[in-house]
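Student: Annotated transmembrane segment per TrEMBL: 31-50, 96-115, 127-149, 155-183, 195-214, 220-241, 298-319, 363-383, 389-409, 463-483, in sequence order. Residues or ranges marked as domain 'Major facilitator superfamily (MFS) profile' in TrEMBL: 40-486.
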Amino acid sequence: IPSNCPPVKIINLSFFLEVDCKDESITTIVYQYRGFILTLTFLFYTAYHLSRKPISIVKSELHRNCSLVIRPADLNFTNNATWCDWAPFDQNNYQTLFGVLDNSFLVAYAIGMFFSGIFGERVPLRYYLSFGMLMSGVFTCLFGLGFYLNIHSLWYYSVIQVLNGLMQTTGWPAVVACIGNWFGKGKRGFIMGVWNSHTSVGNILGSLIAGAFVSSAWGLSFIVPGLIIASTGILCFFFLVESKFLFSCDGDETESVTNNSSHVDRVAYGSISAEPAEAVEQHTEAISFSGALSIPGVVEFSLCLLFAKLVSYTFLYWLPLYISNVAHFDAKAAGDMSTLFDVGGIVGGITAGLVSDYTGGRATTCCVMLLTAAPMLFLYNYIGQRSLATTVGMLLLCGGLVNGPYALITTAVSADLGTHESLRGNSRALSTVTAIIDGTGSVGAAVGPLLAGLISPTGWNHVFYMLITSDLLACLFLSRLVYKEALGWCRRVPRARGFKEI
């Protein structure tokens, strides 16, 4: 090792890496840590979604068809129809009460998301994520403790949902910012399409874990996921490396190892540093809310995501209950069957990323999938329960078409816009842009389950009409961008392929 090349220290991993002052050595280390960060952030957001899923599984246990349940001989009850239900969800308006629980979480999440990105640009991401996951674990466990403490207050469960929703907003802007710091734009759609499968993997694991306990002790359906996300918060604190590390070979100037843009990458609040280094880092100011909105495409994709996420989250919160009511499955079987929708979502997200990378048309890819999803939702409602094979096939297909655009917008599109050329190298816009797009989408995520709770008593057909209309509206907001992309193809505008940076 040359004497003028100091060791690079990864502070939060507490060990030293000595590297030669050659680009090849640094490049190798960057690639190694790319895989490490990709895996780590995948685990983090898997845990976030894993802890959100139990409520949809437990709904069918909180309100059951008591005529089908074996009555314990030593149990005294006054109402034959609701003796097995969990108050206050033993009333005729139980679907509305479930909607209150969903929206307590989702409205808090939507409001908090707009502020989360602002904090994410100004607070160390490692601390921010760790705190968010630990507190999310606490509130998820508190919901489950209601079973053991015999709590029957709607206010208790609603307040817990509000607080948990606020804590869950720490996740998405932070993990997308981390990935954006480590990966360039080339093939970002495919990479983030694969990476974004954490959403579906989390939903699947959450369904299976919650389903394992729902019939015996539904409190554990929340406590176990709560402990898992809290554990990943501890993992984050010790091992997250927020951005590509810097090095200095002359002790006078700190350079980005990637040399990929007009700005100098910053040390992420002590996560990574080059020692010895007395370099003065050049920080660009964090972008304002109005500045982020002025980036071309942010408003259109935000409004599109509002309706796309409305559809996705309606399925997330209501699909197990729909399957239970229509196909007459028990709570565990309905939860297991609903995971097929998320399996389809994994394939849909990867496919959307691949197609958008190849064509260069993010908006067009989203629009085509949304337009195709509308008739598929109609068919699923009318023929989806005719046989097991039909149910499986339609769930996989609808999951891919519904979650594909949602995954693409929240990952690759958000990262593209957060590093848009109009920002002129400002590296501190990614979290804010991500929060605006996902925050707007979260408004739809809050409205969808609420509408489902209000509409479902009139018939599930009306719920599906609402979902189909939302898909078509999502396409409408992308029409200008689709037209612009089509003009670009007609004029044969050259499109960059592959990685632009290491």
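Quick reminder: no glycine exception, Cβ is built from N, Cα and C everywhere.
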Student: Mind pulling out the one from 96-115, 127-149, 155-183, 220-241, 389-409 with the most Cβ pairs under 8 angstroms to the transmembrane segment (363-383)?
Tutor: 389-409
Student: So which residues does the transmembrane segment (96-115) touch in its own chain, when a touch means Cβ under 8 Å and the partner is 6 or more beyond its ends?
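Tutor: Distant Cβ neighbours of the transmembrane segment (96-115) are 52, 55, 59, 62-63, 88-89, 154, 157-159, 161-166, 168-169, 172-173, 289, 313, 317, 321, 435-436, 438-439, 442-443, 445-446, 449-450, 452-454.
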Student: Output the single range from 127-149, 220-241, 389-409, 463-483 maximising the number of Cβ pairs under 8 Å to the transmembrane segment (195-214).
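Tutor: Answer is 220-241, with the largest number of Cβ pairs below 8 Å.
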Student: Would you mind listing the long-range same-chain contacts of the transmembrane segment (463-483), meaning Cβ under 8 Å and 6+ residues beyond its ends?
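Tutor: Beyond its ends, the transmembrane segment (463-483) has Cβ neighbours at 297, 300-301, 303-308, 310-311, 314, 318, 322, 361-364, 366-367, 370-371, 373-374, 377-378, 380-381, 402, 405, 444, 448, 451-452, 455-456.
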Student: Just to confirm my parser: what is the rounded mean pLDDT across the domain 'Major facilitator superfamily (MFS) profile' (40-486)?
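Tutor: The average pLDDT of the model in the domain 'Major facilitator superfamily (MFS) profile' (40-486) works out to 81.
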Student: What residues in the same chain, six or more past the boundaries of the transmembrane segment (31-50), come closer than 8 Å to it by Cβ-Cβ distance?
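Tutor: Those are 129, 133, 136, 168, 171-172, 175, 178-179, 182-183, 191, 195, 198-199, 201-203, 205-206, 209, 225, 228-229, 231-232, 235-236, 239-241, 244-245, 502, in sequence order.
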Student: Using a Cβ cut-off of under 8 Å, list the residues of the same chain at least 6 residues beyond the transmembrane segment (220-241) that approach it.
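Tutor: Those are 10, 12-13, 33, 36-37, 40, 43-44, 47-48, 50-51, 53-54, 57-58, 125-127, 129-134, 136-141, 143-145, 178, 206, 209-214, 268, 271-272, in sequence order.
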